[in-house]
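Here is the structure we will look at, set down as structure tokens.
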Amino acid sequence: MTQEKWGLLCQKLLKTVGQNNFTTWIEPLEFQALENGVAVFTVPTNFMGNYVSQNFSDLILYELNNAGEAVQRLAFRVAANSPMRPARAARPAAAAAAAAAAVEAPQVSAPRATDTSDVLDGLQAAPLDPRFTFDSFVVGKPNELAHAAARRVSEGGPVTFNPLVLYGGVGLGKTHLMHAIAWELKVKRPELNVLYLSAEQFMYRFVQALRERRMMDFKHLFRSVDVLMVDDVQFIAGKDSTQEEFFHTFNALVDQNKQIIISADRAPGEIKDLEDRVKSRLQCGLVVDLHPTDYELRLGILQTKVQMYRTTYPDLVIADGVLEFLAHRISTNVRVLEGALTRLFAFASLVGREIDMELTQDCLADVLRASERKITVEEIQRKVSDYYNIRLSDIIGPKRLRSYARPRQVAMYLCKQLTSRSLPEIGRRFGGRDHTTVMHGVKRIEELKLTDGQIAEDVEMLRRALEA
């Protein structure tokens, strides 16, 4: 097959796939040879060859065979001078063939030459959320190490650990800390070039650079930053070309002693389909886990949010126990917890009511159902009996000795706090007791927590053991 014949086929492909697809994926193909039923093309990158093979190979094979060429499959090879190959203005053979065939087609223009500053305008950092600062980040035992490491990096001093990798589940504060670092660096070290973006944005911009043949500009941009921050790095798992470019960018920045900060939803070694060399690089710095929030941290987050809402809802009253109730019932996701509080304040302001337990349970019924604890009454009974070194039958049974009655009341209180069971249901699980007995026991423990330090400590120890 001649270059002129391939040029004619290109015009047919242009009409079939459209201008954008043709310019991006078909026009860069260079026909080289037809050998033993295999049509060989050169491409700028492996990524482009793989994409064309997966998405356009059937169409190209059809057009080749329809034109009388016996082609069984396509082969793509990366050009020797790629990726620095200059953009071509137009394919002379294709233009000549089109003219000879008198086929009028839209002009296929080459990507325009741009300077680095123009590309930089198109690769701006992701916007930072003004709410996500260190001042608004509530610190507790589950996140204190991550917070301390983020603080150290945000000082902009000598690079002591590279990269810093923050990982943890959804809604635990990874993105908050990433934004806080960026904000702090902008204030303390405004001369530094800080680039924050998600791994998804990194991939899309990499693909854009491939399409527009600006890989050298792309490499220069990402290698010229002083601090590179990539959120949700697990997104590039399984994307070989993006991982390769990320790996080379990573190495180049580390070699220049530039700071890299990464976040992920799990430890680097546990990210499936992430290349071993990328995992190894991520693990060579400081890897910090943001643990699931405990009760104290959740309560602190709620108290901080309430203070913020006071400016918007100055007249709203929130009853005692509501924040504690929410901190106990919504334990898996801080975003859900904050969203529940936002909904609660908005609803109360619209209906003009105090935020009490009744309104809370009505307004957040769906959230509370979704966050319902898996802790059972039986589990609480066993844990309390073990803690006080008494038999399970003594907690459930009719004995009224103080050594049994107080643990029984503690168990009832924990059942009320940690399960969705009603008072009558709890009473039935405690030897068929009346709901008023349960109510009395719960109230008694609430009173003793304020006056008896040992009871307060017992309840908290048991709560932590049950929530662990």
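Using the three backbone atoms N, Cα and C, a Cβ is placed for every residue, glycine included.
The model shown is predicted, which means the values in this text are computed figures rather than measured ones.
Secondary structure at GLY173 (ATP binding site), as computed by DSSP, is coil. For GLY173 (ATP binding site), the count of additional Cβ atoms within 10 Å of its Cβ stands at 26 [all protein chains shown]. The ATP binding site feature in Swiss-Prot is assigned to GLY171, GLY173, LYS174, THR175.
Looking at the region 'Domain I, interacts with DnaA modulators' (1-90) alone, the prediction's average pLDDT is 80. Marked as region 'Domain I, interacts with DnaA modulators' by Swiss-Prot on the basis of sequence analysis: 1-90.
Swiss-Prot lists 91-126 with the feature region 'Domain II', giving sequence analysis as the kind of evidence.
According to Swiss-Prot, the region 'Domain III, AAA+ region' annotation covers 127-348.
As a summary of secondary structure, the region 'Domain IV, binds dsDNA' (349-468) carries 88 helix, 1 strand, 31 coil according to DSSP. Annotation source Swiss-Prot lists region 'Domain IV, binds dsDNA' at 349-468.
Residues near LYS174 (ATP binding site) in space but far in sequence (CB under 8 A, at least 6 apart, same chain), listed by position: LEU166, TYR167, GLY168, ASP231, SER263, ALA264, LEU290. Using the Cβ center of GLY171, GLY173, LYS174, THR175 for ATP, the list of other same-chain residues with Cβ within 8 Å runs, in sequence order, GLY168, VAL170, LEU172, HIS176, LEU177, SER263, LEU290, VAL334.
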